[in-house]
Amino acid sequence: MDLTVTHITHKETYKEPRDDDDDKQVVAEIMARSFIPTLITTIPWEGFHFAGHEIQITEGKDCYGAFVWPSALVLCYFLETHAKQYNMVDKNVIEIGAGTGLVSIVASLLGARVIATDLPELLGNLQYNISRNTKMKCKHLPQVKELSWGVALDRNFPRSSNNFDYILAADVVYAHPFLEELLMTFDHLCKETTIILWAMRFRLEKENKFVDKFKELFDLEEISSFPSLNIKLYKAMKKNRRSA
């Protein structure tokens, strides 16, 4: 099917927003990576340009995790524009709360070995999106696995076999009752050398409280901020690392 789309060019180096004008410019560039197809198809989808590929994402209407949220676009943009600093090639990566799979797809296209995880009711659409966008395009075929935060972690993700270089997360903190379980999951999946890259949109006081609790277990660094979106991008590693 021939779809007319606009391909986006971008800078090779990324600059942190310094003021409102810079913030708006970078945010506009990030948001321009998405597009709506010009033809109506039987299965509606939204398009994105990352890692040199057109990515087609099917969203849902029944739950929060079935949409592509701005935090996911911010994290995808960061991974692409920081590919040298945070090299994904052959790295072991897990995404928690993968939702539609966009972040996992981009990490896979950048060369990572990816496990995309979410709740069981989201896995069908997640698998569909990942398969259609990574087959014959990626060095490593991504896996899709169920992960309910805080549930059966030792059985499904035993610490002895967790060897993740990166944990990716976008918009996993919001008004849900599982923040303690989310923190437990971050802690369980992390080893001393694991890097967490986490994009977060601040909406309510709950987000600030979670960050405070997160800091009790992890060294947290704000590496980028997008005030017009109320989104911050964090890098984190476990506290009290022997290598620190």
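Just so you know, glycine gets a Cβ as well, placed from its N, Cα and C.
What Swiss-Prot records for TRP69, GLY97, ALA98, GLY99, ASP118, TRP149, ALA170 is S-adenosyl-L-methionine binding site, and it gives similarity to another entry as the kind of evidence. The feature compositional bias 'Basic and acidic residues' is assigned by Swiss-Prot to 9-18. Annotation comment: Swiss-Prot describes 1-20 as region 'Disordered'.
Counting other Cβ atoms within 10 Å of each Cβ, the lowest count among the binding-site residues TRP69, TRP149 belongs to TRP69. For ALA98 (S-adenosyl-L-methionine binding site), the same-chain residues that are 6 or more apart in sequence and have a Cβ closer than 8 Å to its Cβ are SER104, ALA116, THR117, ASP118, LEU122, LEU126, VAL144. Sequence-distant neighbours of ALA170 (S-adenosyl-L-methionine binding site): residues of the same chain at least 6 apart with a C-beta under 8 Å from its C-beta are TRP69, SER71, ALA72, VAL74, LEU75, GLY97, GLY99, VAL103, TRP198, ALA199. Minimal Cβ crowding within 10 Å, among the binding-site residues GLY97, GLY99, is found at GLY97.
ASP118 (S-adenosyl-L-methionine binding site) has a Cβ environment of 25 other Cβ atoms inside 10 Å.
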